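Summarising the annotation, TrEMBL assigns FAD binding site to 113, 226, 513, 514, 542, 553, 554. Per TrEMBL, the feature disulfide bond maps to 449-505. Look at TrEMBL and you will find 270-284 tagged as domain 'Glucose-methanol-choline oxidoreductase N-terminal'. What TrEMBL records for 1-21 is signal peptide.
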């Protein structure tokens, strides 16, 4: 029964579109950059926030965008929806996805590619709620304008198949109302959201937003691995002045800011990369920095704190009827703090060549829950070996094709309230830092998970969903099926009691890649994202969030890059205009 837990998120194997290459004239390998360069703005991280930010600033200024990974346009797997799992399964040093395992034992991934997380995720596109926008102090009209700027390039309306339509009706039937139809807005009730996959199954990423850039105003360097930020001093206050980075050959380059008080370095390296680079540059908890022999520029104990990852739990629902291949398209935004989403797959049986001691064989690829991605059942971290993965691949390949028809309905916890921390593992900026999220440490998160699982049961039992659920397949049996394949590395003692939903939440917790924090507003940066105690340095990305926006954050992270680019440009224009008058 454990083998029912095959991911649906990647049952998309029926779609196969070749990636169309993009040849930005301003994009090149870092090895071709001069040893020393000068710019008005240096953006570290060409990810979901960094690309729109750099594109916007380039309209009036000279911008350097440093990306540690390669181009998504050179990797068919990234832009092809059918190969979603191939990227997550690739653990090579050149992979667009860099795997890490939190101290909680949950397998996760961080992006290593131009476009960032928008190159790895399941594509759902939805805005933050009005209350979220108000709480963080953003200007509502400018936020809307920035969202539309992003949506014109990367967002599409999906067409619902029968399974997704049935889940939508089931949510409405069971009280997740009103019916909000198709919308990007975050509104309580049931809605169809957007997708960054177009009708041909081609992914559109934050890298596509670089088409807005002024070619003469921007340089994008690939495989540029930033080692640290350089500082000078104005009196006793540190001022960011440049960055040191290495290219793919290991050669050292230095990029400096041009003269002028308005020029800035902006960290957009993500929730792991931004706090990690601040620490490597001497900004963070002083005792921790000194333990690695680092000179302390600013003692800020808030760097690396407030790390959160929204826990996700899923129920596998075997279907008596054929189901379409779909990623997340419908979401139920409940009033008890849980989001209900679903994905289905009619063909999880595509096989790919693999090798073993006996020679070539065929092995199934099941997407993000497959053994190839490291999602091993009940295996603690220290036992996650290549041999264990190989054994799991062999076992999974024995499941009959007919048993794999169905879908997943999942719930994601709002917020969350539980927080953890990030710390340096070593002085290598390419290595993963130590991170712990403390899933379900706060009782509200556990309560919301239980309520979400109960909501999923109601949808499965609804008349609207009856075509896709066996009438005599009891919900506790579904919990057993799911719990026997926990998609984490935490040891389950004595199995999972299907009646104990709290234990089910803990035993089967997964990531949905919405981790955030580490450079939070009020702790590390101010409301304009300037690093506290330092001039000419900002952090603009998901590391500044105190909670994940909306049901899925990528739209808001892209919006934030555009929003802050426009704001910085406007504020600088006013200052420079006033100076000219004087």
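Note: Cβ is positioned from N, Cα and C throughout, glycine not excepted.
A Cα-Cα distance of 22 Å separates residue 554 (FAD binding site) from residue 449 (disulfide bond).
Comparing C-alpha positions, residue 449 (disulfide bond) sits nearest to 553 among the binding-site residues 113, 542, 553. Here residue 553 (FAD binding site) comes close to 128, 514, 516, 542, 545: these same-chain residues lie at least six apart in sequence, with C-beta atoms under 8 angstroms from its C-beta. In this structure the C-alpha atoms belonging to residue 513 (FAD binding site) and residue 505 (disulfide bond) are separated by 17 Å. According to DSSP, the domain 'Glucose-methanol-choline oxidoreductase N-terminal' (270-284) comprises 11 helix, 2 strand, 2 coil.
Sequence-distant neighbours of residue 113 (FAD binding site) (same chain, 6+ apart, CB under 8 A from its CB) are 67, 69, 70, 71, 72, 75, 78, 96, 97, 119, 120.
Note on the disulfide-bonded residues 449, 505: the fewest other CB atoms within 10 A surround the CB of 505.
Each residue contributes its Cα atom, and for residue 226 (FAD binding site) and residue 505 (disulfide bond) those atoms are 38 Å apart.
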